[in-house]
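A.B. asks: Handing you this structure, nothing more for now.
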Ligand SMILES: Cc1cc2nc3c(=O)[nH]c(=O)nc-3n(C[C@H](O)[C@H](O)[C@H](O)COP(=O)(O)OP(=O)(O)OC[C@H]3O[C@@H](n4cnc5c(N)ncnc54)[C@H](O)[C@@H]3O)c2cc1C
């Protein structure tokens, strides 16, 4: 008998692979069965074997990687589901019966958690729900043709695809998404938005292949570029304020509350809170990465640590010091304060334009912003806790 699984790339995941392989080989009970674990390459848009370069020669800059794959390789079509599968041979079904039942959540020590009604949408696991979301977003709601204009939103189900949790768990193949984008382009419209979903999936591929090239360096403080000499703090008070959404900056606090309550945060939000942790709080980026790992429904080591190293300036970003200014981000992406009031109900009382800059009516900001508030607002700064000693150690790989 054979068991198939997608091949993983990062160290903790490959350790699990080895453990499962050993476990299957040593299965006891009943007549000894020969069970083999085989791996297939799945999960990326472009197949590892089709890349025009070996992983060790992967271009470091995303644009070069993207152009390399777009011009030189083809996305393989998704495999069709077999229309029917015959029953198991009788001898085998008896043997499988002897292996016992699939453990329940409780037996695994896991608890079911209700989803927050404030979340962007109700996420349901499995391929059926994934394909239903694809059908709804692309075809019923016809959102694909405007994705590029809406994708930086933060509120609601349809500013972006929300495919990431299903992609991360292997319930949805990026190649299925690709096939559906191509069908949509033929049957409805082909424009910048239809292309942009594929552009984003290439980012996902890029981080996965980067994890092969750089191995555990993506988890290390200096990142793939092995940056040294930067000063990083592990101040626990500042970190807790960030983690719990108590920084005094509504845009940060709302995003962090959304993450903790739902396990999801928009891409815009993730970039902003990452920049704030690294550049305004001066904290060790791995603390942020590990908190994301704890919470995210779509957690994937390559995309998570890839984006964190990128945002922290230790990845392969040609612009090393990418800073997201909170006043500018608030004015551009939440001008009426709808997002912050959704997650911080006390701000609903404030006039829409002031919700992102509530002054004394809200918490005192824990640190001044690196480049100030501009003309957007004039907060009082409290530097309490800012000089604290480094505490704790992070970085487990
Ligand atoms: C600090 C930080 C941490 C992140 N951690 C993760 C993570 O653990 N898992 C994860 O799947 N994504 C991660 N992302 C990427 C991105 O934020 C999410 O993929 C996206 O917000 C998911 O929402 P969506 O499916 O609606 O995306 P859409 O905007 O609809 O994009 C479509 C798909 O493209 C892929 N994609 C889009 N942007 C990125 C990106 N920057 N990097 C890699 N893939 C991308 C995702 O698979 C996504 O589902 C992170 C980004 C940042 C800045």
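Cβ coordinates come from backbone N, Cα and C, glycine included.
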A.B. asks: When you get a sec, could you say which of 356-376, 377-397 is annotated region 'Disordered' by TrEMBL?
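C.D. replies: The range carrying the region 'Disordered' annotation in TrEMBL is 377-397.
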A.B. asks: What recorded positions in 162, 200, 203, 206, 285, 308 place CB under 6 Å from ligand 1?
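C.D. replies: Going through 162, 200, 203, 206, 285, 308 in sequence order, those close to ligand 1 turn out to be 162, 200, 203, 308.
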A.B. asks: At the Cα level, what's the spacing in Å between residue 299 (FAD binding site) and residue 285 (site 'Electron transfer via tryptophanyl radical'), rounded?
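C.D. replies: Taking the Cα atoms only, residue 299 (FAD binding site) lies 16 Å from residue 285 (site 'Electron transfer via tryptophanyl radical').
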A.B. asks: Consider the recorded sites 232, 285, 308 and say which one has the Cα lying nearest the Cα of residue 147 (FAD binding site).
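C.D. replies: For residue 147 (FAD binding site), the spatially nearest of the recorded sites is 308.
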